[in-house]
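Note sheet for the following structure.
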C-alpha cells in the first residue's frame, strides 16, 4: 500500500485513504447538486401550479373571494407548524423572547403587512391576466429599493440605481402594451408589492438579526396574518360570500381547495429548501426564470394575449433585474472587504 510522509510533521499519509476521502467528497457534492436540482424543480412546479390553480378558482370556478382563498393556505401552514411545534418535532428557539407586548409591537405589524401583500396579490387575478401579473413582478426590485432607501436601510449605488431605472421603464412599457389593462388591478398589484417591501423593511428594522426557522416563523407569524386576513374578509368578502352561498362552491370541488391550501405550505417549505441548497441570489434568478415560464404557459395553454410591446418591456425589465442583482453583489463584496479590513485592524 503506497504511503507518503509529511516532512514537516513526520506524519505518514496513506494514499489510498486520500483517494477514498476525495471520492467521498465528490460523491457528497454530486448528492448536493442532485438535491438542489430536485428541490428547484419541485419548487418551480409547485409554485407555478399554485398560480394557475388560484387563477382557475378565482375566475373560472367562480370563487371570487381572494382573501378567503389565501387564508386557507395560511391556515394549513399554521396548523402544520402548530403540530410540529407541539409534538416536539421542531424546537422553538425564541420561546422565551415572545411576550404579549413584544408580539403586539413586533409581529402584529408584520402580520398586517403580510396579509395586505397576500390579499391584494390574490385580488389582482380578478382583474389582470396571469402573464401580465408575472411581468409586473419584475418590478419588485424597484419597489423594494425605494422602500429600503426611504427607511434608511439601504444606500444608493450607481449600478443598482441603473438596474432599477431600467426595470421601471420596462414595466411601464409592458403596462402600456397590455391589451386588457385594468387600473384597479394595477393599483392592487402595486399595493401588494409595496406592502411586501414595507414588511421586509419593517422585519429588518425591528427584528434585526433575529432569524426564525420556517416552521417556527409560521407558528409565530401566521396567526397575526390570519387575524388581519379575517378582518379583510369581514370587510370585503363575507357579506357577498353569504349572499352567494359561497360554501356550495367549496363543497362542489373540495379537492381543489384542499390542494390550494396544502400547496401554499409546500411552496413555503420548498422555498426554504432551495435557498439553503443554493443561495438567495440563485433563488431570485430562478424566480425570474419561473415567471417567464409561467408567462409562456399562460399564452400556450390559456390563450393569454401578449403583445410585442409587452415582450419588449418585459425583456427590458429582466435586463434591469440582472443589472440590479449585479450591483447588489458589488455592494456586498465591498462590504465584506471593508469588514475584513476592520477585522485585521487596517
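Start at 1 and count along the chain as shown; that gives each residue its number.
Glycine residues also receive a Cβ, built from the backbone N, Cα and C atoms like all the rest.
TrEMBL does not curate its annotations; it predicts them automatically.
Marked as transmembrane segment by TrEMBL: 33-53 (among others).
Marked as domain 'Sugar phosphate transporter' by TrEMBL: 37-324.
According to TrEMBL, the transmembrane segment annotation covers 65-86 (among others).
Here TrEMBL flags 107-126 (among others) as transmembrane segment.
Residues annotated as transmembrane segment in TrEMBL: 158-177 (among others).
TrEMBL lists 214-236 (among others) with the feature transmembrane segment.
Long-range contacts of the transmembrane segment (256-275) within the same chain: residues 36, 39-40, 42-43, 46-47, 49-50, 53-54, 56-57, 61, 63, 69-70, 72-77, 80, 214, 218, 250, 282-283, 286, each at least 6 residues beyond the stretch ends and with a Cβ under 8 Å from a Cβ of the stretch. Annotation comment: TrEMBL describes 256-275 (among others) as transmembrane segment.
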Contacting positions for the transmembrane segment (33-53) when only residues 6+ beyond its ends and CB under 8 Å are counted: 130, 256, 259-260, 263-264, 266-267, 270-271, 273-274, 277-278, 286, 289-290, 293-294, 297-298, 302
Averaged pLDDT, computed only over the residues in the domain 'Sugar phosphate transporter' (37-324): 87
